[in-house]
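Participant: My questions all concern the structure below.
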């Protein structure tokens, strides 16, 4: 983190140095242009005297006004730069670095996603979409099962079909009746044998 901070400060410092150099070159170019302008003005002044054009004093006043405006613009730019340092507003270079960092993070995220996708294909791990489809399929099956159960319950109420509990209750008395009949048969058989023995004696 400290290395990144130092790198950012170094880049920012180099950017400011480059900016100051550019401003110095711009000022020199403007001075050269002003000198050329003065030379042209002198030539024009001679024409003005000859043809009655406005004097060079008026152009000088206009040029000084433009120079004052340029100086005010530079002062505003310097004040804005000081505000960025004071309040932590990012400069153009910092914004560029931040944007490049975000782009690198997005690329790394895409690479991780591609690597995960390759692992899924290689080892058969279900992707997020497949898990979602499987979960939705299971939910649909559960809903269909519940609907079938509700439909069966409605049929039982409508047509008098016994439910599982009712079938079990109905089957129990039948079993008791069968046991009772079997017991009666055994009793009759025993007493019949005894009656035959008595008659034989």
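Using the three backbone atoms N, Cα and C, a Cβ is placed for every residue, glycine included.
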Participant: What residue among 11, 190 has an entry for D-allo-isoleucine in Swiss-Prot?
Facilitator: 190
Participant: What whole-number Å value do you get for the CA-CA distance of residue 158 (D-alanine (Ala)) and residue 50 (D-alanine (Ala))?
Facilitator: 120
Participant: Report, as numbers and ranges, every residue of the chain located at least six residues beyond the compositional bias 'Basic and acidic residues' (128-137) whose Cβ falls under 8 Å of a Cβ in that stretch; write 'none' if there are none.
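Facilitator: Distant contacts of the compositional bias 'Basic and acidic residues' (128-137): none.
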Participant: Measuring Cα to Cα, how many angstrom lie between residue 122 (D-alanine (Ala)) and residue 86 (D-alanine (Ala))?
Facilitator: 54
